[in-house]
Structure formats: structure tokens, C-alpha cells
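These come from TrEMBL:
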DOMAIN    4-354  domain 'Kinesin motor'
BINDING   G91, Q92, T93, G94, T95, G96, K97, T98  ATP binding site
COILED    414-476  coiled coil
Amino acid sequence: EESNISVFVRCRSRNEREIKENSGVVVSTLGHMGKDVILKTGNLSCGKTKTYTFDRVFGFESDQETIFDSVASNFLDEVLDGYNCTVFAYGQTGTGKTYTMSGDIQIPPKNDSIKLSENAGIIPRTLVKLFKILKKFPEHIVKVSFIELYNEELKDLLLSEYSSERRVKIYDDPSKKSIIVQGMEEIFIKNAVEGLKLLSEGSYKRQVAATHCNDLSSRSHTVFTITVMIKQDNDNSKDTNFNLDGANEYYKVGKLNLVDLAGSENINRSGAENKRAREAGINNQSLLTLGRVINALVDNLSHIPYRESKLTRLLQDSLGGQTKTCIIATISPAKVSLEETLSTLEYANRAKNIKNKPQINQSVSKKLLIKEYIQEIGKLRDELSATRLKNGIYLSADSYKEITEESESRKIMIDDQKLRINYLESNIKKIKEKNEELAVELEKKTLQLEALKENFRNLQQNFDEIEKNLKISIKKFLLESKVKMNHQNNEKQLEDISLNLINTLNQILLQKSKMHNLIISKNMLLKKNSVIVQNLKKKTIKLKPELEKYMKNHFTNINSLSSNIEEFIQVKNSDLAELADELNKISEKVKNNIITMTNKTATNTESMIKNVTEIQNIKKDIKEKIISRLNEILSNFKTFEENLTENLLSINQDLNDNFAKIKTEINSTFNYISDRLVEQEQQIQDLKGKLITSRTSYSNLLKNTTKQIIDFIANEDQISKDSNDVLLKEITKLIENHKTKNNERIQNNLNKISNKLGDISNGF
């Protein structure tokens, strides 16, 4: 994931040279937590201003610890997580880059209690904090390297002066898209003290010189690298047989590059000549190349000119690479440095747009580390054996040339150190003269101190009087504040009570509205009941003619049935009479035939037999006719009986159904009316109960509210009295404590002044 480079700005206060030149201040910051730098580019009184915004801006009030905690401290956690990180300082010469990065390097006598100077820079504080954190990791490896880039030549500052010099070279690593520094010494350290010693020794070997801008101007770029390897936790590491060769043990690797760049330098202002001018020119050229690289990265150009300078090759991975990077731009607030300050801020403003792609380093196995160490030991043994066999020290042409150049460099360094010693001796003479002047001034200050003590006594008396008046004023003020606060509380409570009363009245109005709605509903029910009664009357009136019509039809049907029965009986009687007559006729005929047959018996027997047969046939026919006629009469009578029974049952069923229907309608109507009357009576009773309850609750609420107000007023009176007494006691106690603390503070200050005067006297 891409991330922008963090850019911080540090502005120092004016130095002695700038104060002597009466140079005005053109830079202003917004305090220790500000993020803006305001630069005056014209006349100081009414000139134009230009504002730059960065991740954070540190003014002259910020100390070394604040810089470390805000800039470099968080990078330690990133390094322990396996990232490569870079912090480098950039700015004009004499603006505090080396002070910010290294500062005061004090080596403590013991490893247990390391107490750094308040002027210690980022590198010493990083070493101390790193080993405090590493106490949590029992298995870890820390190694450091310290190289210098002077006049475009790399030098290892950790090599001893009497050892054969190595040629330090830079190679590209195509597999990792980064660079490899060959011939650089990496020394393993076990604690912060060892690291501080190496830092101190390397800093002493660094190229420095005096210029008009800085007495100890750095003439080279340096890179102090801390490599940390921490053993990773692995579940399989518990199996000792599995881990005998270290094949399953891995170490997280992180690097922290702490870069102190040489300052950009105006040769006309710094007064550099000859060799110093050549150094300044080379340094400025490398910084210009660095600026071009930054511009190319910001503009996303296809070609980045890393290879035009060894400085940009060293910083290749830190600018647009896989490293987490931050820049500390140091500036001067003086007007004489306006041009350099403007250039530095523009450079820093462009640099904050660079994007890096930080990546966690690949873990290294313990087996691979051991193999590398074995190869290094074998190489050293071969070199030692070759040296012994040649009975002396063998030097190649390149090594001899390098030693010759180093010898020349050392001669130059010795000349510089002589100049530095002369400069320090002149400073010592000046300090002695100042000490003599201070001794004379000390006597004057002693007399002034006595006068000040007398004035202090007078001021103490005045202070006592003022303190008394202040006690009275504070007492009055606190009482007024307490009373005012009590009034405010009372008003708030009264407001709450009034709100409760308003809510209660709203509830009563709501109940009243509900009762009104119930009365309206009652009236509506009465209207509905009257409508129902009217409808019942109408239905009854409509039912009466229908009943009369039904009764009339019923009587008509009965009369018709009676007449039909009489007609049927008459018809059947006539039929029976005709049958009787016919039977009489037949019987008469039979008698006559018998007589005739009797008379004819004597004459003709055959005819008699024939007549008997005829008579029997006639008798048979008559019998059949009679039976048939009787059956027909019986069938008709049964049919008539069935029809009559069916009609009577139908009439009876209709009567029952009509009477049941009428009874049901009448019962349902009266039941509905009765239920509605009972329900309305119950609603009326409920309304009466609710009305009585509302009146009672309203009356009780008014009584309780009145009682609460009376109790509240009485309680507030008592609280006010008690609080006044407590306040008086507390005010008296506070004034006594304040007086005691003031006396102690004044006495301590007098003791400190006396001790300082005594120390100065003892020094002289």
C-alpha cells in the first residue's frame, strides 16, 4: 500500500552571529503542536507572507525529546515489525541537522542505568529505546554500520585507524530493486552503550571544519544504520529434535537508516576557500541531484536520476522505494538566511508528495545466518593465512593507492584539527577574560542581591496587606457566586415544578375532552335507540295486516276444505245410492230369473243348466263390479284422507313457523333494547367514577405541589446557611495554604540564588 513521505520542519532560534548582525526574524510557527510555517518574504513590517503546511512544525521551544517522540519513536515499532525505515535531516549549514540527529553523545559508565543528556539527538535516543524494547524478546540480533560520503567517496567510519582500509562500493541488487554496499563493516552490539561508543568514535572521524556560518560544519553526508533481527514465534520450535539444525527457526529483519546530510552552503556567506569551497561545491551538487530526484518522483517521470550521485543511490530505496521514510527539514529564522530558508521549505513541500510502497522484509532462517557467518570466518582465515605466508603485509596497487589517498586525507584532517585547537585556545582565553569580568560583576550582583532582599521584605509586607484585601474580596466574590448559583438552581427547580403543573393541567384537559366525547357518544346511542324503537313500531304495524291476511287465508282454506269434504261425502253417498239401486235391480232381476228358471225346469233340463250357468256368470260379473266399485271407493277415500292429512300438517307447520318467527323477532328486539340500556347505564356509572377520580387527583396534585414548593423554599434556606458556613471555612483554609506555599516558594528561590552565588564564588 502506497504512503506519502512524512515531512517535519524544525526551526531553531537565532544564533550569536545572527543576533550580532541584528538580523530580523522572518519565520513564525504556531506553537509546539502546529503544522504551519509562516514565512515573511518582503519587508518585515508590511511584507507579504507565505504559508507552508507539513505533518508537524517544531519551533525553537521544542526540545530533543519532543522531536524524538514525535518523529523517530514510532519508526522503532515499524522496524520491529520487519520494515525498512529512514529518517534524514536536510537544510542549510548551521541550522541544526547534526544536533537533531546526533546531539550530545554521552557514554554512561554502566549499562544498567543509561541516562542521556537532554541535548542527546535522535540516534542516541533510538539506541536506548531499542534495547529497552528488546528486553521483551530473549532471542535477538542487533548490528550497526556507519558510513560517510565525502567528496563522492564512501568511507567506513567504524574501521580502526590502524587497520587496512577497505574500499566501500555500491552495487545494484536487481533481485530486490535496491542497492548493496560492499566492504562496509557491520558490528554486532549487545547493548545501547556499545552502540553509543561506536557512534561517538565514528562521529569523531567525520569530516568537519569551521566556516562563517558554523564553527563545526559537517563537510560530508553520513548514514548510521541499525539492523534488528528478532526470532519469530513458531509452534514447531517446541520440538527440540526438529530444531537441531535451526532449519525451522526464522528471524524478522528490519533496518533503520539515520541519515545526516551535509548542509547546503552559500560560499560567499560561509567564506569557504580552496579545499572547503571544493567540498561545498560537491555537497551542493549532490543535494541538487537529490532535488532533481524528488522533482522527478513527484512529477511521475519515467527516468529517475538516481545514478547521478552516490547520495541519491544510497537513498534510492528511501525515495520512491519500499522503505518508510520521513524528512526533517531544519531552517533558520533569521532574515539573512531568507533565501536558503525559502529553498529548504520549497524542497520539503515538494518532498511530501513522494509516495513509497513499504513492504515487510522476507524472514531469514537461522541456518542461512549461520552459513553466512561460517563463510565470512573462512574468508578472514584465508586472508590471515595469505598475509602470514608473505611474511608481512601485502598490498595491491589499489590498496596502496587507497592508503596514499587516505594518508593525504589524514594530513588534511590534522591541519583541520590544528586549526580547531587554535580556535579552542583562543576561546579559552576569551572565557578566562569573561570569568574575570564575571568576578567583578559578581560583587556588584551581591550588593544588588542585598538590596533586592530589602526590597523583598518591603514587598512581603505589601503582599501581606494585599493578601488580606484579597481574602476579603475572594470571600465576597465566592459568597456572591454561591448565592447566584443557588438562585439559578432555585429558578431551575421552580421551572421544573411549573412544567410538571402544566403537564398535569394538560392531562386534566385531556380527561375532560374524553368525558365530553363520552357524553357525545351517549347522546348518539340515545338517538340510535329511538331510531330502533321507531323501526320496531313500523315493523309491528307492517306485521299486523300480514297476520290478518294470513288468518283470513287460513279460515278461507279451512272453509274450502270443509266444503270439499261435504261435497266428497255427498258424491260418495250418491254413488252408494246408485250402487244400492243397481244392486236392488240386479237382485230383482235375479229373483225374476229364478222364478223363470223354476217355471221352465220341468220342460227343459238342459236349458236350466244353461240358465244356471248364465246366472252364475251374471252373479260373478255383479260380484266383480261390486268389488271393483268398492275398491275404487276405498282408493279414493284413502287418497282424500292422505291429501287432507297433508294439508292439515302443512297448515299446522306454517302456523308454527310464522308464530316462531314472530316470537324470535320480538324477543331479539327486546333483548337488544335491554342490552343497550344496561350498557349505557354502565357507561354512565363509569363516567361518573372517572369524573370523581379526576377531581380528587387534581385536588391532591395541587396540595402536593404547594407542599413541595413550601418544603423546597425551607430546604433551600437551610442549605444556603450551611453552604455559607462551609465556604467561609474553605476560603480561610485556601488563603492560609496559599500564603504558606508563597512563603515556601520565595524562600526556596532565595536559597537557590544564594547557592548559585556561592558556587560562582567557589569557582573563582
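Including glycine, each Cβ sits where the backbone N, Cα and C put it.
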Just checking, which of G91, G94, G96 (binding-site residues) has the fewest C-beta atoms within 10 Å of its C-beta?
G96
Just counting, how many other CB atoms are there within 10 A of the CB of K97 (ATP binding site)?
25
Cβ atoms near Q92 (ATP binding site) (within 10 Å, other residues, all chains):
25
